[in-house]
Amino acid sequence: MLIPSKLSRPVRLQNTVVRDRLLVKLSSAANYRLTLINCPAGYGKTTLIAQWAADQSNLGWYSLDESDNQSERFATYLIAAIQLATGGHCSKSEALSQKHQYANLSALFSQLFIELSNWDGPLYLVIDDYHLITNDAIHEAMRFFLRHQPENLTLIILSRTLPSLGIANLRVRDQLLELGMQQLAFNHHEAQQFFECRLSSPLEQGDSSRLCDEVEGWVTALQLIALSSRQPNSSAQKSAKRLAGLNASHLSDYLVDEVLDQVDSKARAFLLRCSVLRSMNDALIVRLTGEDNGQQLLEELERQGLFIHRMDDSAEWFCFHPLFATFLRQRCQWELALELPELHHAAAEGWMALGYPAEAIHHALAAGDVGMLRDILLQHAWSLFHHSELALLEQCLTALPYPLLVQNPELALLQAWLAQSQHRYSEVNTLLEQAELAMQERKIPVDEILRAEFGALRAQVAINAGKPDEAEKLATDALKYLPMAHYYSRIVATSVTGEVHHCKGELARALPMMQQTEQMARRHEAYHYALWALLQQSEILIAQGFLQAAYETQEKAFELIREQHLEQLPMHEFLLRIRSQVLWSWSRLDEAEEAARKGVEILANYQPQQQLQCLAMLAKCSLARGDLDNANVYIQRCEALQHGSQYHLDWITNADKPRVIHWQMTGDKVAAASWLRQTEKPGMADNHFLQGQWRNIARVQIILGRFDEAEVVLDELNENARRLRLTSDLNRNLLLSNTLYWQTERKGEAQKALIESLTLANRTGFISHFVIEGEAMAQQLRQLIQLNALPELEQHRAQRILKDINQHHRHKFAHFDEIFVDKLLTHPQVPELIRTSPLTQREWQVLGLIYSGYSNDQIANELDVAATTIKTHIRNLYQKLGVAHRQEAVQQAQRLLQMMGYV
């Protein structure tokens, strides 16, 4: 819950001086990116902007306190202020901020600006007391904010110090409206107005001017003069002499003498006790002071001018002026030192009763009351955890003495989950083992349910570490004892079980477990796990060869991301990457490339090492197009990321795929041999991850002419793929087997492997996997088409593959271009008939397409001409070549290509 007073405009006080000369300057605020009110405490910064804001619509106000140095808290309140200003226009940004589903503050602000791009009219955001921010990450994000905010948005910052926001650059570019101490100091006219409002006996103009000069227009000093002059035996002139030359850091003695000592003991105790609160309402005042009429007392003190401000129009929330608040807290520590822990304890109870555990934690920490801190955590820690309040939880758990933490095993479990969520994976088991040992030594009982929750977390750690057997045992044992009410641990254990089956190649068992995980996670709003389960389902379906079903599952995942605003999570990149893989398989290369590029964009706010697999996909897209130079650029980027980084074998396998294909296309045996000497050779190949690594190895062995070794590898891969029903892997393996057989002149076995690959492709939809094999694949497909040896579906796919090879690779159509024809006609062995009666350029193109296996209609579509025109071209070229039918034309084209060294 957000504290309403932090988002409320301060109420405009009745007896304040209207700063007309400054309001005129502020009237042009909409013309600037930043309006900065920068001066020491007590010069009326907040009051001035409150006066100006009273006439503004579409304005959000955010009052900072020390706790706002947590980036997540800062983001949540800032977006909430924008939402109040826009009437809820930025709902997506609000959801992201509340669930902490963004990579960093800059990424969140980028989404905010996207939503504000269609906001019409001026928009203002006021951030008060910015000097309290000491977090460099927030400063950096606000510099990003100022660079990229929409033109119609003005940021207004109130600060005692010059904020680290690139102010000089804004000033040079005339994008800064700045008001400082000299402008905010009262002039003589304003001082006269002030005293007329505050004193029962008016001062002469000359007297008020002298008083103003003596305190250099410092508003707080004038307020203190007015307050002191109400006391017996005091005068405005005496007060001014005491205040002359003082500043905010030397006021304590004066405030004691002239303010605190002048109120009765009851009011003094009331002020000091209330000072522990950063903001207060009647319920909190009752908790701290025992006064049932606390709000009336506040209103009375406000009338006396005691630096108390209303924070909202409903007059429910109050706060002290920052200068007075600092003074009161210092006096409270001095005068009520023994009572102070009790006051913070009462404040914590008050905030808990209002439903603000984060504020309660602040006071429990201030009180040093670890028992209360423990009680708050036991009641609210998991809610804070699921709302990603990780920094706050870490602060709490650090403050708890370890013996107290282990006396409450659920907090020890929370500490381990916190490490897991902060990606400190190596610490998780250590924390759990340390806690279990401490509990055992202290004879603290741990029931079966809690032990099962420990086991579920350990299972997650084990599967992350690549230990599926250990993970399976831990997850299975956990599920035996976890009741349905402990849904989070059950979701984790079920997910791990499904992932174990996936890793073992037991896809038929893995899929329903992941479907069950998704259902449970959706039911209990654990959307991160629901998304993870959908990603796993998609990968399983791809491995089973059901790419269309995988595509549809991905659509569900995209919908979940949109609904729950998960766009900035790394799992979104995972989804885009596997979408790219499916599209690449279907030779929808433009879409595949777009998905991979979006994945890279998602990861722009994370470590660049995470971009490895998307860059590898972009390399594969270039390879499928035959663009080797562009592919090499991406491959080099992948190699640079891999250098000096530690990656899981799955990542390395995917990054190596385009490398080995590139070596095959370029004949780079040196690089291939070097890689083969160094690459990891897994002990098994019983899942699609390991199949991919061994397939890379087999391809390199073929490149190097080590055919016997490659055949052993491929035979085992095919056997495992058939046994485990890894249909997509079998499809890929058979294509590599085809390459092996073709290069070793075993044409019958090559044809058999190719036909089975085409049959499997009816299920997988594979196109690009065939295309990257290039000319050898094209020759075999043409032969199968000419022999009419394929069923209709396979025939259609073969023609589509040929078309893509012709379009993207070194192919027959390209060979019959003008340069090729010029060389052909000057070749000494060219047939005399062709030399004396050369074909036109269009006829050469048609011959190339006939040789590539295209039908007349397909040639017409390819060249975008009428079918009758194609028949005319064919009749003419037959006559010029001296052939009678299509088969003879293909043979003649084959002879010409052989003569030129292309086949």
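Cβ coordinates come from backbone N, Cα and C, glycine included.
Sequence annotations record features per position, and here Swiss-Prot assigns ATP binding site to Cys39, Pro40, Ala41, Gly42, Tyr43, Gly44, Lys45, Thr46 based on sequence analysis. Under the three-state DSSP scheme, Ala41 (ATP binding site) falls in the coil class.
Here Swiss-Prot flags 832-897 as domain 'HTH luxR-type', drawing on sequence analysis. Taking the domain 'HTH luxR-type' (832-897) as a whole, pLDDT averages 87 in the prediction.
When the DNA-binding region (856-875) is classified with DSSP, helix, strand and coil residues number 17 helix, 0 strand, 3 coil. Annotated DNA-binding region per Swiss-Prot: 856-875, in sequence order.
Here the binding-site residues are Pro40, Gly42, Gly44; the one with the fewest Cβ atoms within 10 Å of its Cβ is Pro40. The residues near the ATP site, meaning same-chain residues not in Cys39, Pro40, Ala41, Gly42, Tyr43, Gly44, Lys45, Thr46 whose C-beta sits within 8 angstroms of the mean position of the site's C-beta atoms, are Arg160, Leu184, Val219, Thr220, in sequence order. With a 10 A radius on its CB, Cys39 (ATP binding site) counts 21 other CB atoms from all the protein chains.
Sequence-distant neighbours of Thr46 (ATP binding site): residues of the same chain at least 6 apart with a C-beta under 8 Å from its C-beta are Pro10, Asp128, Leu158, His309. Neighbour count (other Cβ atoms within 10 Å of the Cβ, all protein chains): 24 for Lys45 (ATP binding site). Taking Cβ-Cβ distances under 8 Å and a sequence separation of 6 or more, the neighbours of Tyr43 (ATP binding site) in its chain are Met181, Leu184, Ala185, Trp218, Val219, Thr220. Counting every protein chain shown, the number of other Cβ atoms lying within 10 Å of the Cβ of Ala41 (ATP binding site) is 20.
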